[in-house]
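Annotated active site, acyl-thioester intermediate per Swiss-Prot: C99, in sequence order, evidence recorded as sequence analysis. Marked as active site, proton acceptor by Swiss-Prot on the basis of sequence analysis: H392, C422.
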Amino acid sequence: MTAKQTVTTRDGERIAIVAGLRTPFAKMATNFHGVPAVDLGKMVVNEMLVKHNVDPLLIEQLVYGQVVQMPEAPNIAREIVLGTGMSVHTDAYSVSRACATSFQSTVNIAESMMLGNISVGIAGGADSTSVSPIGVSKNLARALTDLQKTKTLGQKFNVLKKLGLKDLLPVPPAVAEYSTGLSMGQTAEQMAKSHSISRADQDKLAHRSHSLAAQSWNEGKLAGEVMTAYPAPYKSAFEKDNNIRFDSKLEGYAKLRPVFDKKHGTVTAANATPLTDGASAVLMMTESRAKALGYTPLGYIKSYAFAAIDVWEDMLMGPSYATPMALDRAGMTLNDLTLIEMHEAFAAQTLANIKMFASDKFAQEKLGRSKATGEIDMAKFNVMGSSLAYGHPFAATGTRMITQMLNELNRRGGGSGLLTACAAGGLAAAMIVETE
């Protein structure tokens, strides 16, 4: 058992999520084509400040994340501060925890408040897969470095003649794990095979996610937490996530072919998240500061946990490790929760984790616990759909989930919710939030 956690300031004040906002999420090279992550981040933070009538000078710290790094803006957090009217003295730094990045930025702001260093802060994350750093081959990079040391034409020629045509080709960002060479999709295929996750079940989960997300949009549930964007060249408004299948039909999913194991695989473009562009942010305050400024919090952070597991097998099983720690720290069980959202990187990964939550064998052999975390009640699970439908701008997903969960809990009259996500590198996050 993990010791109980107290997420309060030294004076016993809770850490409040006062507001949250995100851009619509866009499939790569669509509505946000050509818009870098730093501009997406500035866009959503500025809109959140304006929407909630927050004086930018009140912000004491901003922690923001980005997974697909841009060399020209390595500290996206500081660029957001400088681009949104905050004080030049506002502290800002950037974090990266793969798909759990904005859970990390949220926790960092919370911990600054717990230490008494700040009372108002912003956390979030943004990513653009449409504006990615295109590199050069290692041979060309070395040659370009060597060229700087040459003086004569002959010396330059001797450096360049070692290059082949292949060395001159651009190198796109890596999609595989550095340590294993495996892509996330290959890991999802492995998990599907190892845990007997059928193609039919994966397609059903994807269809469910799209259907619930479409229903949430149609019922107006997301309108208050998704801004209208006007990306360059500013000719049209972008208002809704463009990956959601508003006319999703289960039979349509069966038509797609596997992507990562073309002969025996079950993971397709329809039951996996697409490459996505977008940004999200949350405004956080200590309980007393929110009250003094006249804000009613959306909710509070009750507990959180991070986990790291093996990358060679079941690399995306992290929620099954992080969740029991977060529950212990909150003094809760799975049955105590009102709602659950698990990030859907792949339907296969999500279904494998659902299985392991309910497995005594997994708990005993992998977690060193006597009993399973518990069987998930699907009536509480991803009730508005999740990443399979909305898309997954890596660093933006965590704060998207936090805002969406708190708003839905409030619509239901309050309660507590679990948020959990797997991440590249065998990492994972889990957070429990609560409302009044």
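Just so you know, the numbers here start at 1 and follow the chain as drawn.
Note: Cβ is positioned from N, Cα and C throughout, glycine not excepted.
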Query - Winner by Cβ contact number (other Cβ atoms within 10 Å) across the active-site residues C99, C422 - result: C422
Query raised in the report: For the residue listed as 'active site, acyl-thioester intermediate' and C422 (active site, proton acceptor), what Cα-Cα distance in Å is obtained after rounding to a whole number?
Result: 7
**Report entry** Separation of alpha carbons, H392 (active site, proton acceptor) and C422 (active site, proton acceptor) (Å)
**Finding:** 12
Query raised in the report: Within 10 Å of the Cβ of H392 (active site, proton acceptor), how many other Cβ atoms can be counted across all chains shown?
Result: 26
Requested in this report: Sort C422 (active site, proton acceptor) into helix, strand or coil using the DSSP assignment.
Outcome: strand
